[in-house]
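The next block holds one structure in the form of C-alpha cells; read it before the comments.
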Amino acid sequence: MVTDSIEEHPAAQSRPRRRFAARAISGVLAVAVVLGVGQLVALLINPDSSPFYAVGSTTVDRTPAWAREFAIETFGTNDKPALFIGMSILIALLGALAGVLERPRRPVGSAILIALGLVGVYAALNRPTADAMYAFPTIVGVVAGVVTLRLLIGQLDVAPSPGIPETWLPRRQFLMLAGVAVAVAAAAGAAGKFVGQRIAGASANRADFVVPTAASAAPPIPAAANIGVAGASTYITPNDDFYRIDTALLVPQLTTDSWELRIHGMVDRELTLSFDDLVARTPIERVITLTCVSNEVGGNLAGNATWIGYPIKDILEEVGVHPDADMLLSTSVDGFTVGTPVEVVTDGRDAMLAVAMNGEPLPFEHGYPVRQVVPGLYGFVSATKWVTEWELTRFDQVDAYWTQRGWGAQAPIKTASRIEVPASLAPVNAGQIQIAGTAWAQHRGIKAVEVRVDNGPWQPATLAQEYSIDTWRQWSWMWDAAPGLHTVQVRAIDLDGNVQVEERTPPIPGGATGWHTRSFTVK
Ligand SMILES: Nc1nc2c(c(=O)[nH]1)N[C@H]1C(S)=C(S)[C@@H](COP(=O)(O)O)O[C@H]1N2
Ligand SMILES: [Mo]
C-alpha cells in the first residue's frame, strides 16, 4: 500500500529535497570562497581590486541618476550598507543556482562561477586606479571557488556504497569539506577586511597629524548664532553627525607621506605639491556650510563646520591659469571627478584645500588628508575629498563624474529652509509652540525666514545672529496653536532678495526646490 511504503521509508521522500539543499549550499560556499580568497589576494595589490569591491564600485559608477536618487531617498546615508546587502543576496542566489546545476560531468555551475569571475575581472580592470594585476584576485578566487564546488558536488554525487546504510545526514566527507570551505571563506574575508582597512598605517599617520594654526583665524562664533531650541540642529555640526555622501565603497586611506597634488593642463607652470609643500603655505580658518545637491526639501544632507586650509586662489596664481581655462577639474585618488568654475574659486571667497574639520584632522570619510571646500556650491561641483589632481580645462571639453550621469555642470546652492522642531509626527498640545529650523543660501546669506500656518499670511521668524553669508542661519517662531490638524510652511529670502522657490522640483539636475511643509495634529 502506498501509505505503508511512505511510513516505512520516510527518508526516501525527503532525500531529493536534501540533495537539492546540499547542492545549493555547496554553490553558496563556493562563491563565498571566490569572494574571500579574492579579498585576501587583493591585499597584495589594492583593496579596490577585490572582486566584491570592484563590482560594487562599478555598480555605483554605472548607477543611473534616478536610481541614485531612489537609493538616497530610501536609505539616506546608509546607501552603502544597502548596496552591500543587495549584492550579497544576489551573489548568494547565483551561487545557489551554480550549486544546483553543477554535475561531475556537466560543470554548468563552474561555468556560472567563471562567468561571474569575468564580470569581476572586467569591473576590477576598469577601476580608475587599475593595472593588469587587478585581474589577479578574481582569477585566484574563481579557481579556488571552482575547486571547492567540484569537490563538494563530487562528494554528493558519489553513489551510495552497497552495505553502508543511508543516513539522513549528507556524507561525512561533504560536511568536512563544507566546513573547510566556510573556514577558508571566513578567514580570508575577515583578514582581507581587517588589513584593507588599516592599509599603510593611515590611522597612525592621522593620529600624528598636527592641525596647523591658522594665520587668519575664523571670527569667534557668538553664542547668539545658536538658536538653542531643543531638537533643532546646532550651529556647528559635530564631525560624527556630519552627513557623508560619496561614491567610495572603500574609504581611501591616504597618508600625508603618500599624498600629492599634481597640477597640470592649461597652466603656465605645471606643479606637483607634496603635503610639506602645502603646509608650508599660510593657512586660513573659516566656518563654511556644505550642502549636497541630492538633499530633498526638508532633508538633512547639509552640515556646518570650522575648516582650516589653504586658499585655492593662491595656488592657482602660482601656476598661472590660462585666461581661456574656465574649469578646475579636480580628481580624487579613487578617480572621482569634480568640475568647479575657475571664476568661483578665484573671486575672493574662501575656497580652500582643507586639512582640518572642527579642530581635528579631516576624518577619513571626509577626505583625509586634503579635500576642497568652496562656499556657495553644492558638494558634487566643489567639495572633492581625497583630492590628488587638478587639471585646468574647459566646461566645453570635459564633463565631471555627475555631469556625465545627468546632473548639472554648474550648481550654485539654492536658497533653502527647513522645519526641524517639532519633529515630524510629534504630539503637539494647544497653546504656545516653538517652531524652529535652519535656512541657508551660502555665499548670498539669509535675510529673512517666514512661516505660515494653513496657507495664512506669512509671518516673520526670529533669526539667530548672522555669522557670515557662507553659513546657515537658524530661525524660530512662536505659534499659538489651536486644536485640530494644521500645516506649517517655511520659506527663506536671501540677501540678494531671492525668495525660496515655491514650485516642487526634484534634486536632479541642480538641487530640489519647494517650500518645506509639516502637518501637526494639535490636541
Ligand atoms: N572623492 C569624492 N569626493 C566627493 C564626493 C565623492 O563621491 N567622492 N562626493 C561629493 C558630494 S556629492 C558631496 S555632497 C560632498 C559631501 O562631503 P561630506 O561627505 O564630507 O559631507 O563631497 C563631495 N566630494
Ligand atoms: Mo552631493
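Each residue, glycine too, has its Cβ placed from N, Cα and C.
Here TrEMBL flags 251-397 as domain 'Oxidoreductase molybdopterin-binding'. Confidence annotation: the domain 'Oxidoreductase molybdopterin-binding' (251-397) carries a mean pLDDT of 97 in the model.
Summarising the annotation, TrEMBL assigns region 'Disordered' to 503-523. DSSP labels the residues of the region 'Disordered' (503-523) in these numbers: 0 helix, 9 strand, 12 coil.
Residues annotated as transmembrane segment in TrEMBL: 20-45 (among others).
The transmembrane segment annotation in TrEMBL covers 82-101 (among others).
Only residues 6 or more beyond the boundaries of the transmembrane segment (108-126), in the same chain, are considered here, and those with a CB under 8 A from a CB of the stretch are 27, 30-31, 34, 38, 48-51, 54-55, 57-58, 91, 94, 97-102, 132, 134-135, 137-139, 141-142, 145-146, 149-150, 153. The feature transmembrane segment is assigned by TrEMBL to 108-126 (among others).
Residues or ranges marked as transmembrane segment by TrEMBL: 132-153 (among others).
Annotation source TrEMBL lists transmembrane segment at 174-196 (among others).
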DSSP helix/strand/coil residue counts for the domain 'Oxidoreductase molybdopterin-binding' (251-397): 24 helix, 60 strand, 63 coil
Surrounding residues of the transmembrane segment (20-45) on its own chain - C-beta under 8 Å, 6+ positions past either end: 51-53, 91-92, 94-100, 102, 109, 113, 116-117, 120, 133-134, 136-138, 140-142, 144-146, 148-149, 152-153, 156, 170, 174, 178, 181-182, 184-189, 191-193, 195-196, 199
Close approaches to the region 'Disordered' (503-523) from elsewhere in its chain (Cβ under 8 angstroms; 6 or more beyond its ends): 65-66, 69, 293-299, 378, 406-408, 410-411, 413-414, 417-419, 422, 424, 426-430, 433, 437, 481-491
